[in-house]
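Read through the structure below, which is laid out as structure tokens, and then see the notes.
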Amino acid sequence: MATSNPLANGNLEIALDEQSDQVSLGGDDILVMNEASRNKKDPHDHCCLNPMCDCCCPKQCGPFCPPVCLIMAFICFNFYLCLGLNLLAEASTVSPFEGVTVGMGGGDAGLLLTGAGLGSFLLWCRFCVCTDGPTEGEKRRQQQQDNAQENTADETGGVSSDQVSLTSEAERGPEHDDCCDLCELFLKKVLTCTFLYLILGILCCTISRAAMYPGMFVKLGSETPPNPLTGEEFVFPGKDEVELNGYHVKYSKSCMDGCMELPDTVTKVYPVVMLGGNGGSGWFNVEQARDFIRRKVDDDDDETIGYDVFSFSYRGYEPNEDFPFYLVDEFTVAEDAEKLFRYVRTRDEFFGTRPLLLAHSIGTGPGSYLAMMLDEDEVSCVGLGMPFASGTQVAMELSMYAAPLFFWTIDRWDSERRIKAMDYRIPFLVLSAGHDELIAPHQQEAVFEASGSTDKYFLYYEEGTHMSVGGTINSDGDTYDKWFEHCLRRVGV
């Protein structure tokens, strides 16, 4: 319905159409924004275009809008990506992060869901855009509306802007304002996303360090050697010549509980370097070494042979706890282990010998690093108990690929690649457990297959668990004895 409003000052009439919000003014059509129209929501006036976010962003962005939108996007993204990567893992015998051979069924669904995860993240970046106030395009349109109101008020004899707002079609903002608005909002969202992603990355880095090196955060083991195990502490220079505490214990036929001095009947002592898991200190590691050598000692009636086992606590573990976790990484631990090995070789009683290198669990990470770094004339043999292909692969499989966006926060420990570079003349042994609850057997087999050694052995124990070192050795004792004999012949004592 149109109405005519005669003006007291002049003969100008405004024909107002309440349905279309248009007036006829001197023959020209002018857009009128009355109070009801002004309150209508413009999609570009919303700081958050995603309807899921509209509850937290009604008109102006609140302080919690970007984090809420980001968390919702990450939940959606990780949900699809997690499902996709798990299906890919089921369709292949290796991790998606180590190269996937996609099969039928689960593999195809995995690719589809992985793509859906990536797509959901891109859609969020496009539509869930938040800003802390009016954009530049909105400011320009508002200024144009204000100018039009002033000009119209002058022509109409002072009609109040509170009653009517006029904007000429010719004075409306350019059509590319909407595009500019989206570009501006998208840029703000990218910056917000980047900042929050880095914050979450720091949190994930801390969690991954706590899982990989728990002794840096909680006390594991005692401050004194456990009874009845007795041995001797020593100090050696680690990376950057930092002094680290180590521990060594001697074993023989009549001293399998460990002793500081071997019996007089022992005339030949073989040096052993043991790199243990992350569940204990250096004192616990030497006990693990006993599991490696017990079969040989028990089956051998020769009481003239003894073993001197050396190990150390990783930085952050007692008694080397005076190192903050954020200063300890893969390469620090690996270089400390290399320093320990070379320290043993320079001791007076073992100068010029080739020690045995044994490792278990997380210790196979630095163990693989040493296998790559040492020459054939420096180490007699390498034995890895329940090794992993890479630290990243272990973390992803244990977490069911729950945080693929943050896998870079995990120490990589690329054991498979490093074992490939090991000298082919070094005897090599891999222990594998069929019921390993931490490291999947296919990773252990991958490490074995990566080795180019011409004298390598694989012991698989179907009923074994992660800690079944002795059980795995006894499951195929003849093969183990053959490898161990080759080790002792190469020591050179």
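Including glycine, each Cβ sits where the backbone N, Cα and C put it.
Whatever TrEMBL says is automated annotation, not expert-curated.
Not measured: the values here are computed from a predicted model.
Residues or ranges marked as compositional bias 'Polar residues' in TrEMBL: 158-168.
Per-residue confidence over the domain 'Serine aminopeptidase S33' (421-467) averages 95 (mean pLDDT, predicted model). Look at TrEMBL and you will find 421-467 tagged as domain 'Serine aminopeptidase S33'.
Marked as region 'Disordered' by TrEMBL: 139-175.
Annotation source TrEMBL lists transmembrane segment at 68-89 (among others).
Under the heading transmembrane segment, TrEMBL lists 109-129 (among others).
Remote same-chain residues near the transmembrane segment (195-216) are listed as 66-67, 70, 74, 278-281, 313-318, 321, 323, 325-326, 328, 362, 391, 395, 403, 405-406, 408-411 (criterion: CB distance under 8 Å, separation of at least six residues from the stretch ends). Among the features that TrEMBL reports, transmembrane segment is placed at 195-216 (among others).
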**Study point:** Per-state residue totals over the domain 'Serine aminopeptidase S33' (421-467) - DSSP helix, strand, coil
**Key:** 10 helix, 12 strand, 25 coil
